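Peer 1: One structure, pasted below without further comment.
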Amino acid sequence: MFEHVNGHIDAIRAYAEVSTAVVSIVRGILDFFQVTVKTTQNIYDLEETGIHGKCQSDYAIEENEGTNDWTITQVVDVTNCKEKAAMYRGMAITVVDKLSKERGESVISTMGYNYTIKPTAEGGLITRAHGLEQQHFSAFNVKGGSFKMEAMKNLVLLSVNTASAISYGPMESKGDIVLKFDVDINIPIIMQNLDDPAPKAIELIKRLAEANSDGIDSETTEDSIKVYQLMRVIPYEELENMWKQLAENPKYRRWMLDSTSEIGDARVLTFLETRFKAIDVPAVEAWQTLLLAIHHLKITPELVEMAKVFLKLPFSKSNTYLWHTVALSYGSLVNKYCVYYTPCPVTAVQPLLDMATEALRSDNKEEMVVALKALGNAGHPGSMKTIMRYLPGVAATPVDLPLRVQSAAIQAMRLITTRDPHSVQDVTLTMFLQKDLPSEVRMLAFRILFDTKPSMALVSTVTAHLLEERDLQVASFAYSYLKGFANSETSDNHWLSTASSLAVKILAPRFGRLSYYYSKAKHVDWFDDRWLSGISLDFFMLRNASNIIPSEIMSSEKLHMIGRIIELLELGIRAEGIKDLFGAGIPGFKGDFSMSDLMAIFSVLQKWETLEDDKPVFSVYSRVSGQEWFFTDMSKETLRNIITAFSPTAWKSSPLLTVIENLQRGTSWDYTRTFLTWEARYFQATTLGLPVEISKYYNSITAINFNAKLAVNPPPTESHGELGNSEITLETDGFAGLFRSPASS
């Protein structure tokens with residue numbers, strides 16, 4: 001049933017058991033009757049709701065003087081609908097580039113209707129209707145694309161019957177004329193029979209594990225995608241049965257865990273929660289599986305609530321890297337949740353806020369960094385107040401914190417820049433203008449400030465203060481960053497490039513010749529309007545006047561494509577204790593890297609015992625798609641263990657001796673992993689009532705197989721120094737490779 005009032009379908013009702021697909025096909029038929037006829041105008045336009053959403057329609061009416069019939073032409077601008085019936089999946093971690101979309105589109109759709117209407121005493125009677133929809137797609141600019149989808153439908157009036165009143169049973173509302181998508185769209189990548197999936201999945205997993213144990217069998221890569229599809233339809237109870245059959249074999253277990261991470265719904269969370277509680281999976285495999293599972297999880301409030309349990313399980317904190325992964329992955333989940341649900345409830349990020357508050361209260365520096373990095377992944381605007389408690393110069397109650405914690409707090413605002421740029425601008429500008437703050441803090445604040453894409457007025461304000469800047473480290477960093485933006489070609493920096501070019505002209509006479517002894521921020525990019533694609537690279541080197549070694553080095557790459565910005569990879573290293581060890585210079589270092597220079601460096605390194613116990617020697621982090629997934633600290637204790645391992649006095653208990661003994665017996669190592677690294681899908685309504693899908697899948701298999709046997713004659717007995725007088729023979733064979741299997745539909 002439906003209501004038709006003044007040429008518009010207001011409500012559609014059907015029995016509860018009628019599927020969404022059937023109702024959608026009915027919408028495609030009813031869309032013919034979604035037409036607005038004005039008898040006082042021949043040409044007019046208006047915004048109205050149709051199967052594609054709320055779109056602009058242009059009408060033209062001609063009257064046949066012989067038959068008095070009206071011919072109405074309606075053209076719908078589907079491309080620029082305000083409330084478009086379309087859905088993205090797998091694109092939550094990308095940033096929409098609005099200016100790029102203004103330059104061109106990768107998808108353009110047109111919809112045209114032709115009606116023949118016969119005037120009657122009651123109004124008008126549609127005697128014939130024709131609809132033609134065309135969708136043009138290209139991975140780059142649609143001007144150069146070749147893909148085209150056409151949908152056509154016709155309606156002809158054969159007869160008019162007067163029906164008697166019909167009684168209907170209870171019905172439920174199915175919404176209006178706008179096409180609705182199933183929340184759980186599970187269209188297979190490869191067509192296959194999904195009946196009785198568990199035995200098929202077990203058979204494929206065993207076959208894949210054996211076929212790829214000594215290398216990559218390219219002919220089996222399609223089977224890995226089949227396994228993903230089978231896993232997505234296997235009930236939870238069957239997953240547990242599969243685990244019992246495969247868990248004892250390391251190769252089978254890894255393949256099952258990799259495939260399980262692609263399920264993407266409540267089953268994978270329940271499965272992993274069971275593993276964490278039973279502690280029947282190695283910590284390394286646990287964090288690898290959880291990382292992928294959270295990344296590929298469908299985003300619903302219920303699943304976000306379920307994921308909170310991992311923050312409380314004892315097993316999560318049994319391993320440092322597992323705990324890091326749990327916290328960072330939950331932050332990533334909140335980030336994607338905020339993309340699909342606006343406004344994003346603060347309850348989603350509350351566990352991370354509690355972590356940050358408790359770490360500050362207990363003065364636990366390690367937990368502070370973990371919580372702040374997780375908040376950085378989440379990018380929730382509601383976390384600003386908590387982050388500000390860590391920031392020097394803006395915290396209501398100042399706290400003396402090490403620079404590595406302050407650095408993590410500043411970078412925790414990096415994703416909030418797109419959701420609440422004004423709040424971030426207020427905080428970062430306040431920090432940058434406080435000249436009594438450490439140089440590193442001010443430079444990091446400057447970087448985050450420009451991530452907000454500041455206005456011309458704000459750039460001018462910064463420029464005016466830089467003219468009075470006395471810290472050349474800060475001035476060099478800011479000037480070099482502005483210079484990079486001044487030459488930017490990417491669409492997202494269109495207005496910032498203009499503002500930066502003016503700033504550079506003002507600052508160049510004073511700061512244009514500063515050398516690489518000072519801090520630098522380099523930005524280079526390339527963008528092509530014909531392809532609507534480009535790439536940008538950023539490099540940051542933060543120094544201070546009292547240390548010869550940079551305090552922090554970071555680099556990042558971004559890809560501009562299909563109207564979105566994808567942050568590919570970011571790497572960073574922060575010098576902590578090692579920076580203090582070298583100080584402002586190296587005694588006896590000439591700069592020619594001769595033997596005397598190497599000895600000068602070695603003499604400084606010998607003083608490593610003077611390093612502070614609670615300060616890392618250095619820290620490393622990595623981010624993919626804007627999400628931090630790994631970080632580690634090299635502690636003084638770790639450095640001591642490495643040195644002890646090579647100490648002659650500790651030879652009998654040295655890990656090096658254990659490695660040599662294992663190699664003498666012969667050792668092998670097998671690492672084979674399969675990843676569905678990219679699954680991006682775009683669904684758009686068509687006039688037929690069925691959606692069209694444009695998707696991109698990127699599957700990869702990584703394999704590293706290594707066999708080795710060592711012969712040492714004579715074998716060392718007292719110290720590793722005896723190896724210099726021994727005959728050493730090492731026999732090795734192995735394989736390392738990566739097979740990538742892209743697919744589109």
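Backbone N, Cα and C atoms are what each Cβ position is placed from, and that goes for glycine too.
The following feature annotations were taken from TrEMBL:
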DISULFID  C55-C81  disulfide bond
DOMAIN    1-553  domain 'Vitellogenin'
Peer 1: Averaged across the domain 'Vitellogenin' (1-553), what pLDDT does the model get? Just tell me the whole number, please.
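Peer 2: 90, rounded to a whole number.
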Peer 1: Run through the Cβ atoms and count how many others sit within 10 Å of the one on C55 (disulfide bond).
Peer 2: 22
Peer 1: Quick one: give me the count of other CB atoms within 10 A of the CB of C81 (disulfide bond).
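Peer 2: Its Cβ has 22 other Cβ atoms within 10 Å.
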